[in-house]
Every structure is written in structure tokens, then in C-alpha cells.
Amino acid sequence: MFDLFPIHGGVCAPEGFSADGIAAGLKKEGKLDVAFVHSLFPAKVSALFTTNRFAAAPIRYFQGLGEVFDCNFVLINAKNANAMTGAEGIEDIEWLMERLKHRFPSLVNPVMSSTGVIGARLPKEKIEASLGEIVLGKKEGARAAQAIMTTDAFSKEVAFKVELPDGRSFCIGAMAKGAGMIDPAMATMLCFITTDADVPENRMKELLQKAVHTTFNAISVDGDTSTNDTVMLFSNKASGVYEEEAFLMALERVMHKLATDVARDGEGAKKLVAFEVSGAASEEEAIKAAKALTTSLLVKTAIFGEDPNWGRIASTIGSSGVECDENRLRISFGEVLVYDRGAILFDKTIEEKAASVMRQESFKIHCDLGIGRGKFTAYGCDLGYEYVKINADYRT
């Protein structure tokens, strides 16, 4: 039906988009800490945000502009979340946006996104002083992805070209950041998606919601939902091409790649784990069980220790509130079945095989509840000493 090819460029891959990262002095040692994404052509933007009741100022500012609106520029800063800053947080954004528009009159409804420490005013003067370094049209997507990092171990970007059977094509690119305070109730930490596909304005939000459901909504690092979670989609229609099935597939691929990168990059994490739950009474029940596994500290520390302690998995499912029965439950590490509908298969040989699975950097734990047909896969990681160190020293 259509072909999907990985390409370079991240958010700059689609036609008409540019991005860069600059150093505004927010991070130490002159590191990149402010980024922008810009569309040369008129663009529409739609976004989904955190369900945290204390949503940060950039989110409250954005929400005042509507569900889908004209916008060709986003400014992103690290080190400061601009959260719990009240009316002054909004005023600081308005102050910066006015100066941006004065410097670059072609900008339409520029918006802002922030990540970092909660409870401190935005260092707007430092950011304003760095605006002179912005060069619209610069295609430095990798630098932009680096600039938005906080405790991330690596930058996260991806891009695809989609070719339709008639030879027409469009591109989609994205970047994300996130490693800690990840348990999105709708998005991720920060994710910015660009496309030159001619996405209908009235379809943008629904397609975003569909793709988020099985990607960013399916990950957890530490069970905490940020005040700043944002996933933002820009469409500038530059290709003039759109086919909904192909676009949704590409959007899901982009989000899946970035979501699993975020889970893999859990602060100090060494392992990415897919928690596959099947046989639940409904998809909602499967989601509840899978997410309980991603956030269980006992499960996460067992993964860190490469200990196939299946009892912790059973206990977590049993306390998750879903319908379950120990005489129907099956638990596997990879393809190694350790518990089968009331029968304990966990002898020394099975334990070593299961431990061998857990020594891999990426593996799955499968739980068949044996109740119905509901299924869902959530992604998580281990939790070890480094997580405590990173977060204990976060503000130093």
C-alpha cells in the first residue's frame, strides 16, 4: 500500500522546517539549552498536554490559543519548567513572545515549551539575550534535540519518508526529551513532531490522540506525571500529499520510537522492558495491569538485579484491581514460561533461562490473565542506584 523509509534530519526532515539549539547560559559549561522549531510555510499546530492539575505556564498559555491554530514557531528552554509560577509565568512568556515577534515579524502565534526545575521564575532576560543567535532556516535538528535534554543520557530524534503507490510522498520528523518524571497520563515529557503532509485541520487532534494511546501513554519510568508533558504536531502541508492510513502509521512509528527511547533512557536505566498483558477482561483492564507492572518498585528493582522473581509480577497484578485468577494466569520472561495456570515451573533450569532473558538490554515479560480478550503492551525500565543519585542531586 505504501512504503516507509527512515531518513536523517529529525524535525528538519519535512520540507520547510528548520531548527537549531543555542546556548543561553541556563546550563553550565556553555551547553545548548534553548531550541526552536520553525516552519517557513504557514502551519497548523495541535497538541496534547499533561493531566497534572498544576500544568505549567507554557501549557496554560498554549491552551488559550485553541485546539488547532496557525503557528509556525516554538521556542523551547531547558533547566526551568516555568511551573507553579502563577500569573507571572504567563506574563514572562508573553514578554518573550513579543520580543520574538519584534525580531522576527514573520512569526505567527509563536508558542513556548519548557522543562526543568519546578517553582522558579523563567530566566527571561537570559533567554531574550540569546534570541540574536537564532537563524531561521538553519537545519540543525540534532542540536535542537540536544538543547532540550535535562537528565537525558542521549538525545532523541527520528524521521521517516512515506511513499504512496502513485509515487507521491511526504515526510514526518520528531524530537523528544525525557528520562525522569515519566508516567504520562496522556503525552510524554516533551515531543515535537513536524510533517509536510497535508493533514486536514479537523483530523489533527484525533490522529494525535490515537497515536499517543499506544505509545507515549504506554510508558513509565518512575510513576510521576510531569507538570509540563507536551506532544505537539506541526503540519505545514508543503508536500500537498495526504493519505490517512499512511500518515497514521507513520505517526505511530515516530511516536513508538521516541516513547521507547524515553523508557530506555529512564534515569540510570540499563534495560527496556515490554510488559505484554493479554487475556484481560477488556483493554482497559489490560492497560491497568500493564501500567501497574511498569510502576512497581519491586518489579523494577528485580529487573535491575536481573532476578526473575515472578512472584513480584503476580503480586502486582493481583493488587492492580483487575479481574484475575491464579489458576488462569500465565507468566513468561521472553519465551520462558515460569508459571502456568496454577503450576509453578520455576526450577533451577527455568530460573537460569529466565535470568538469561533478563540479562538482555531489551526483553519482554508476558502475562496472560486467561479471562478475556483484552490486551495492551506498556513499556518500562529498571530502577537502580543511579536513579536515586541523579534525583538526589537534581538541583545541584
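Just so you know, glycine gets a Cβ as well, placed from its N, Cα and C.
Keep in mind it's a predicted model, so treat the numbers as computed, not measured.
Sequence annotations record features per position, and here Swiss-Prot assigns substrate binding site to THR150, LYS177, THR188, GLU267, ASN391, THR396. If you draw a 10 Å sphere around the CB of LYS177 (substrate binding site), it holds 28 other CB atoms from the protein chains shown. DSSP assigns LYS177 (substrate binding site) to a strand.
Annotation source Swiss-Prot lists active site, nucleophile at THR188.
THR150 (substrate binding site) falls outside any helix or strand according to DSSP and counts as coil.
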